[in-house]
Amino acid sequence: MIQTLTIDQLGHRGDGVSLSQGGATYVPFALPGETVEAEPVQGHPDRRKLLRVEVPSPDRVAPFCPHFGVCGGCAIQHLRDEPYRTWKRNLVIETLAQAGIDVPVDPLIDAHGAGRRRITLHARRGTHDILKVGFSATASHDIIGIDHCPILDPGLNGALEAAWALAEALTPVGKPLDIQVTATENGLDIDVRGSGPLPPKMITSLSQLAEKHKLARLTRHSELVLLRRPPVVAIGKAKVTLPPGAFLQATALGEQTLAELAMAKLGRAKQVADLFCGVGPFALRLAEKARVFACDSDAPAVTALQKAAPATSGLKPVKAEARDLFRRPLAPPELRDFDAVLFDPPRQGAQAQAAQLAASRVPLVIAVSCNATTFARDAKLLIDGGYKLERVIPVDQFKYTPHVELVAVFRK
């Protein structure tokens with residue numbers, strides 16, 4: 001049954017929200033102030049599929065990507081920039097308010113820069129043996145085949161062509177391939193997962209494809225297939241050779257912005273701990289000013305940091321350790337010598353480590369987060385432990401999505 005709905009607000013996932021039916025009804029791709037026609041979505045009683053915009057919002061703009069609305073990569077290309085920025089900042093404000101945290105939230109910083117420098121493509125042969133390579137569809141496990149994505153860093157030029165070639169060679173049926181592609185200074189770094197055991201002849205074929213597409217490196221489940229040139233990224237003064245499948249911030253400008261915000265708040269700190277350090281996007285920059293202790297559960301990432309730090313001139317000592325901070329967080333006695341601690345955990349946050357920090361006497365804590373909800377939970381622990389949350393700075397590197405980064409400053 002087709003319904004006519006008035007959209008009252010924009011939800012936290014970028015959906016239009018209608019409150020006219022006695023409860024919240026979510027309509028993807030609709031905007032506040034619009035009157036729309038929509039139909040029910042089977043199995044989702046509170047969701048509707050947008051059929052037509054009868055009365056458009058003055059804030060509506062034409063999406064710039066032909067795949068928008070079908071591809072699940074972007075949620076909100078159809079909103080003017082100013083209200084988009086307001087909505088995204090409000091995601092942080094509202095999440096903190098729901099947790100009972102009242103703190104100044106700065107204006108949103110745009111850190112999209114040149115675009116995304118790492119992507120994960122999916123590939124699978126489906127009906128009639130047709131191969132699809134692309135991103136997941138909106139709210140679905142279907143694959144949307146694409147040959148171009150306008151939000152990618154130019155360093156990923158050739159990524160889609162290489163992914164198609166690899167998928168054609170591996171002919172995935174049933175379970176899809178995951179093809180992670182990262183832009184590096186020496187070319188594309190690709191790690192393929194989901195292929196299962198391969199005969200030597202296929203490994204040779206993949207090596208030839210890597211040569212043809214001039215990949216820096218090709219790995220399969222992190223095992224080397226071909227190394228043409230080291231996949232290197234610049235982090236501050238350092239050059240880091242990435243381990244296969246390494247985590248990086250989504251954009252180069254995003255990483256730089258987060259690091260510069262953190263460094264600006266560290267003042268004259270001489271001993272700094274960088275927790276959940278990864279390959280060192282903070283540690284290698286912090287070491288320009290202070291001695292750094294860094295740790296993370298990702299042993300290959302820590303090894304990459306350990307190699308890069310002593311090879312970079314002008315840095316103070318960096319000690320790095322592989323350690324699972326979810327199971328073995330640094331305890332107050334281990335934290336007592338630090339002037340400042342920075343932590344940048346995955347989306348699940350750092351509850352165990354935040355509890356230990358709350359019991360410590362570290363005078364300055366900088367939190368970096370990609371999930372406002374888990375940040376709010378961890379921030380409450382620090383506040384209850386005597387820290388004052390001074391400010392929160394939202395950073396937008398996942399542009400056109402509901403995801404937002406933030407940097408927060410705590411003092412005791």
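Even glycines carry a Cβ here, placed using N, Cα and C.
Taken straight from Swiss-Prot:
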{"type": "BINDING", "residues": "Cys65, Cys71, Cys74, Cys149", "note": "[4Fe-4S] cluster binding site"}
{"type": "BINDING", "residues": "Gln249, Phe276, Asp296, Asp344", "note": "S-adenosyl-L-methionine binding site"}
{"type": "ACT_SITE", "residues": "Cys370", "note": "active site, nucleophile"}
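Shown here: features listed in Swiss-Prot, placed on the structure.
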residue: Cys65; record: [4Fe-4S] cluster binding site; contacts (Cβ under 8 Å, 6+ apart): Cys71, Cys74, Gln77, Cys149, Pro150, Ile151
residue: Gln249; record: S-adenosyl-L-methionine binding site; contacts (Cβ under 8 Å, 6+ apart): Glu255, Leu258, Pro281, Gln397
residue: Phe276; record: S-adenosyl-L-methionine binding site; contacts (Cβ under 8 Å, 6+ apart): Cys295, Asp296, Leu325, Phe343, Asp344, Pro345, Pro346, Ala350
residue: Cys370; record: active site, nucleophile; contacts (Cβ under 8 Å, 6+ apart): Pro346, Arg347, His403, Val404, Glu405
### Query
Considering the binding-site residues Cys71, Cys74, Cys149, which residue's Cβ sits among the greatest number of other Cβ atoms within 10 Å?
Cys74
#### Entry: Binding residues Gln249, Phe276, Asp296, Asp344 (S-adenosyl-L-methionine) - maximum C-alpha distance in whole Å
16
### Task
Using DSSP reduced to three states, classify Asp344 (S-adenosyl-L-methionine binding site) as helix, strand or coil.
coil
#### Entry: Cβ-centroid neighbours of S-adenosyl-L-methionine site Gln249, Phe276, Asp296, Asp344, 8 Å, sequence order
Phe247, Asp274, Cys277, Gly278, Pro281, Phe282, Phe343, Pro345, Pro346, Val368
### Query
Residues near the [4Fe-4S] cluster site, Cys65, Cys71, Cys74, Cys149 excluded, by Cβ within 8 Å of the Cβ center?
His67, Phe68, Gly73, Gln77, Phe135, Ile146, Pro150, Ile151, Tyr400
### Task
For Cys65 ([4Fe-4S] cluster binding site), just give me the three-state DSSP call.
coil
